[in-house]
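Undergrad: Take this structure first; my questions come after.
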Amino acid sequence: MINLEELNPEQRTAVTTDERYVLVLAGAGSGKTKVLTTRMAWLIEQGIASPGGILAVTFTNKAAKEMLSRLSLQLPINTRAMWVGTFHGLCNRMLRSHYHDARLPQSFQIMDMQDQLSSIKRVLKLFNIDTEKYPPKEIQSFINNAKEKGARPSDLAPVDPMEAQSIELYHLYQQQCDKEGVVDFPELLLRCYELLRDHPAIREHYQRRFKHILIDEFQDTNNLQYKWLRILAGEQNCIFAVGDDDQSIYSFRGANVGNMEEFARQYAQGNIIRLEQNYRSYNHILHSANALIAENKDRLGKNLWTDRGHGEPLRVNELSTDREEAQWILEEAKSLINEGVDRKEIAVLYRSNAQSRAIEHAFFSAGIPYRVYGGLRFFERQEVKHVLAYLRLINNLDDDNSFLRVVNFPARGIGARTLENLTDAAQKIGCSLALAIGALNGASATKLAQFVGMIMTLKETAKVLTLPDLIQQVIHDTGIETFYQNEREGEERLENLQELVNAAQTFCIEESFESSSALEKVTIAANDDQAFPEQLSALDMFLSYASLEAGDNQAKYGEDAVQLMTVHAAKGLEFKVVFVAGLEEGLFPHENSLKTHGGLEEERRLMYVAITRAKERLYLSGAHERMLYGRSAYTTRSQFLEQIPDEHMKWLCPKTRSYSYSQANRVDTDAWQSAPTTTRKNPFQKGTSNLSSMGSGVQVKDQLFKVGSNVRHAKFGDGVIINLIGQGIEAQALIMFKGVGVKTLALGVAKLEVI
DNA sequence: GAAACGGGCGCCGTC
DNA sequence: CGCCCGTTTC
């Protein structure tokens, strides 16, 4: 049962409005998630919408989960029927249902930014492009910017030869992706948008279904996302957008605050609701934030207030070095913990990930539990990416990125030369690398055939094993396990891989895949859409999950640790105590941002986000001297410290800069170096079966068939044997035919000629 | 073909 | 400083 009494008048107006277009300007800490979830509950309870008729877009997967769990507390409904997720997650879901119309293979794979970059590098290499003149990273951002505007290569008009080449590279890259059946992040959105645009039946179906569209963090949507929302809304559906222009901090990835103004002007017009009462922070904190953000021009305008009282002034300190800054943060955190503050209620925020090192060092040395967010994430670790690459190949053999990642990992004698030949062959035939191995001869072809044979064998296995068992099998059969057992410091990697198996286990339980094999396509229970059922396997779902939710590394349940993260990562979170470190010109605000138009204002919004994370106490700090690129450099004070009124700040050092400051108790470096290293026994059980028979071959009717043998078939043409199953006249061979694919043939029956 | 070595450059933020 | 990439050496 919904209790509207708990809401303030503005919140209540937002929740119960019957206007078609509504823009909620929700300041930091003003109860925006509460409004969104209560709005959904209201729509359902009043019978205005069914759970399946609501589409809600959130900024992170974590926010989506949070929203669903809060909603299920308010109403006893099946939230699984609801479409709540990130733009990317929802687009992925739609594309999986309509892969055919979207011109994608059923098991298309999603590339993260790293994968995309290596894919682009391959294109550049293949076409002999000078990477000095066309740096891969610049091509990457060119392509992504274009996609985020909804532009295909043919939509772009070059202004100079340089740009013409970039457009051509975009074209070639996209051809490569299409051939390999992979999509990058912006492609998920663009493909989905085009799907809706070009297929009236599909478009109208979803327009009929989603009568109510809700969007969180609207200020961080890009142009394409906005177009996607409008096409889904069509001519009748409702859009309820919640955002805060003062917290727009993602313009570097195409976010456009202009969407808010546009929406307000074109659609919402009079229906703008401002949530200005802040329930999070005390006045000193809130007024500091207000004063700072007031320096920005062109705001939609709003002023947060609270009735929580003054609280404490901000504690500001400048230390001599970044190490001492970290040490000071540690000491303050330690005494807070001693006073009884939960560790997880303390956050240390910084502008760039590089700053985490010094802070981590201090906490590690002192033995205070901490958790670093961002940086290298679980699904981005090399050992995990290796195993995922095998899984992706099992699902889609044409994924050349994954092929190249693991074809020689662990080392199996397939070198650069061989891969060059293979790439040439694939290019000539116009097929993927795996399909091209039939075109090669000699010893290297045998090795390649064995590799593909292993993949195909695992694929067979995947039909009968559950996902966690399959992953265990991959780790064992591919030799990854042995490799890391012999590798120095390989234990941690093996532990991570075990963690991957566990993650798959949990995933299967949550998604009800416990009793299905990894490859078995199941109609997703969460979908009550009879017109377009989603047929997915556990492997499909898990690989999407690994690509799309790699970022949401939440704290483990019940973990009480100090939280270390970038300001960007802290958006949407709140803590009792917040430290903002590195308040120096060039770092925060960051020098790179000063070069771009509006960059300083975005930095200020970032600082605004940082300040408004704090509920009770806020610390701001900087260092006179900071390590950068391994060198020490002198710094100057951040202008943001000058833009916060003095009345809200308590300086813990003289405000005039002095470089004589020195910390008495220095960090104990020995403790850092002699940190306990975990020496655990191998977590894997041995002796899992290996289905492949890579022995000395099979003799059938005067012909000796071996893995790697080149063979000719009347219908399929030339190919190479990638695996043999069984013996004698009963034996079957898996054969990779050039440009055709893998066929399983009975050697006693098929007319095969060894060549 | 693989491991070991060394030069050069980058760290702003990320679904 | 530490990662990535190209080169050397076995």
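Placement of Cβ uses the backbone N, Cα and C atoms for every residue, glycine included.
Keep in mind that TrEMBL annotations are predicted by a computer and have not been checked by a curator.
If you look up TrEMBL, you'll see A:5-282 marked as domain 'UvrD-like helicase ATP-binding'. The ATP binding site annotation in TrEMBL covers A:Ala26, A:Gly27, A:Ala28, A:Gly29, A:Ser30, A:Gly31, A:Lys32, A:Thr33. The annotation domain 'UvrD-like helicase C-terminal' is assigned in TrEMBL to A:283-572. Taken from TrEMBL, the feature region 'Disordered' applies to A:672-692.
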Undergrad: When a 10 Å sphere is centred on the Cβ of A:Lys32 (ATP binding site), how many other Cβ atoms does it contain?
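TA: The answer is 22 other Cβ atoms.
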Undergrad: Do you know which of the binding-site residues A:Ala26, A:Ala28 has the most other C-beta atoms within 10 angstroms of its C-beta?
TA: A:Ala26
Undergrad: Applying a 10 Å Cβ distance cut-off over all chains shown, what neighbour count does A:Gly31 (ATP binding site) have?
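TA: Result for A:Gly31 (ATP binding site): 21 neighbouring Cβ atoms inside 10 Å.
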Undergrad: Which is it, of A:Gly27, A:Gly29: the one of these binding-site residues whose Cβ has the most other Cβ atoms within 10 Å?
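TA: Counting Cβ neighbours within 10 Å, the top one is A:Gly27.
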Undergrad: Which of A:Ser30, A:Thr33 (the binding-site residues) has the most other Cβ atoms within 10 Å?
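TA: That would be A:Ser30, with the most Cβ atoms nearby.
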Undergrad: According to DSSP, does A:Ala26 (ATP binding site) sit in a helix, a strand, or coil?
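TA: DSSP assigns A:Ala26 (ATP binding site) to strand.
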Undergrad: Excluding A:Ala26, A:Gly27, A:Ala28, A:Gly29, A:Ser30, A:Gly31, A:Lys32, A:Thr33, which residues of the same chain place their Cβ within 8 Å of the centroid of the Cβ atoms of the recorded ATP site?
TA: A:Val35, A:Asp244, A:Leu275, A:Asn278, A:Tyr279, A:Arg280
Undergrad: Between 0 and 100, where does the mean pLDDT of the domain 'UvrD-like helicase C-terminal' (A:283-572) sit?
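TA: The answer is 90, the mean pLDDT of the model over that range.
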